[in-house]
Amino acid sequence: MTTAHSAPRDNSDKPVIWTVSVTRLFELFRDISLEFDHLATITPIQLGFEKAVTYIRKKLATERCDAIIAAGSNGAYLKSRLSIPVILIKPSGFDVLQALAKAGKLTSSIGIVTYQETIPALLAFQKTFHLRLEQRSYVTEEDARGQINELKANGIEAVVGAGLITDLAEEAGMTAIFIYSAATVRQAFHDALDMTRLTRRQRVDYPSGKGLQTRYELGDIRGQSPQMEQLRQTITLYARSRAAVLIQGETGTGKELAAQAIHQTFFHRQPHRQNKPSPPFVAVNCGAITESLLEAELFGYEEGAFTGSRRGGRAGLFEIAHGGTLFLDEIGEMPLPLQTRLLRVLEEKAVTRVGGHQPIPVDVRVISATHCDLDREIMQGRFRPDLFYRLSILRLTLPPLRERQADILPLAESFLKQSLAAMEIPFTESIRHGLTQCQPLLLAWRWPGNIRELRNMMERLALFLSVDPAPTLDRQFMRQLLPELMVNTAELTPSTVDANALQDVLARFKGDKTAAARYLGISRTTLWRRLKAGAKDQSDN
């Protein structure tokens, strides 16, 4: 998840980020870095591979760097040879399709060269628009040059790729389309800031009333179905209290959005807080990091608590969230030993750092979220019942998209409008009519990825419309563009719907768990656990 960042108080507090790139990416870094100048000290380095490593090692002897941002083979090279964190820019599916759409306006013979592996999912794009699309992958610069020469010999006229690839393509006299977008680079800066927030927290002071701020509020919870109206009413009710809230819902239903809405609505109701910044909203995914790191993150540690601990120790997330809200995402995946420590903090309203002895009073509202059936986890001994009761004083269940059928078409239209507007393409009546004609397909799909999946699907549709703004949005077109809508959508029993939906997604990616997890917005470990749990449930039935 992306955390909203508040500006540091002065330059000494700022994280130090170095961007390492050449040619086109260097120029994009330069433009985007201006947006983050108030949040970090950003230094551009226009070098690659061994020259960059040599320069950076020499520079680190006298200067501090908290994170490096790089991309492609250059980024992988740096990551394998430097000890400081390297944030790798990876093109999104939207980036790839947008670059191919640009190339498709120039020629029907296109090559795409990507680092290490090709993209099998592009087959649908090729068939739908009758393009001659050849994919290649590379590891070294010599390898990349060979792939470019081979594409040219095969009659390919335009090449899509990263900076190294576009440079080599232009050297060979071919049209080059850069694959990275400003949005992807911007996200890399957010990721780098999140990384430095974790590694430099002991040097950051969070005065009362400042800290990490929310991005969403009650008005961002969209949908006019009865379920969503009831949800907004419940959030408004829960905002009258500071009691712990447990949010349950499937992947992609907006659990953090709901948590932020509760946080914002509560503090907006406080008269003494008018015209003041909201207290901190601090979020952590309990299933995304190891047990030892999660313990240090939540409770902090004293100097010398373990090998590699920082001088002076470090405040934990409970201390940082003092006076505000701590959001514990994927609480169902918290290891049992940490559940015991968390329960003690909630009961005593005080936290003791790892390696410390002095309790530190904390005033924190805890909102937790899970996609798991915690009642089942308790029965199987994987979740403490006393912690469950402490966390679930107030309970909020988010409806899956398939149960909000009245919202599906309006949301699809809204997401499609946004994606088209980003490319300066009008949302015409013919597009609206075509989307309406596809409503039966949209309503029949189970939407295992919920809102996130619908938004991604409409982004994909927008890319295709940017190439052909007046297609016939019929079943045949949708079959090629959105093949997942054609999966058998027979009714499933409530006890098997999650497992079957996961298997559908896994089958779509030919068993590739990494790709399926990325599509669903969960970790590969989480996907594995859910598949294992689903298989066990079905064998027990």
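Cβ atoms are placed via backbone N, Cα and C, with glycine included.
Annotated domain 'Sigma-54 factor interaction' per Swiss-Prot: 221-464, in sequence order, evidence recorded as sequence analysis. What Swiss-Prot lists as ATP binding site is Ala321, His322, Gly323, Gly324, Thr325, Leu326, Phe327, Leu328, Asp329, Glu330. The DNA-binding region annotation in Swiss-Prot covers 513-532.
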Can you name the residues of this chain that are 6 or more positions from Thr325 (ATP binding site) yet have a C-beta less than 8 Å from its C-beta?
Ala259, Ile262, His263, Pro279, Pro280, Phe281, Val282, Val364, Arg365, Val366, Ile367
Count the other Cβ atoms sitting within 10 Å of the Cβ of Gly323 (ATP binding site), across every protein chain shown.
15
Same chain, 6+ residues apart, C-beta under 8 Å of the C-beta of Phe327 (ATP binding site), given in sequence order:
Glu256, Ala259, Gln260, His263, Phe281, Val282, Ala283, Val284, Ile367, Ser368, Ala369
Out of Ala321, Asp329, give me whichever of these binding-site residues has the highest number of other Cβ atoms within 10 Å.
Ala321
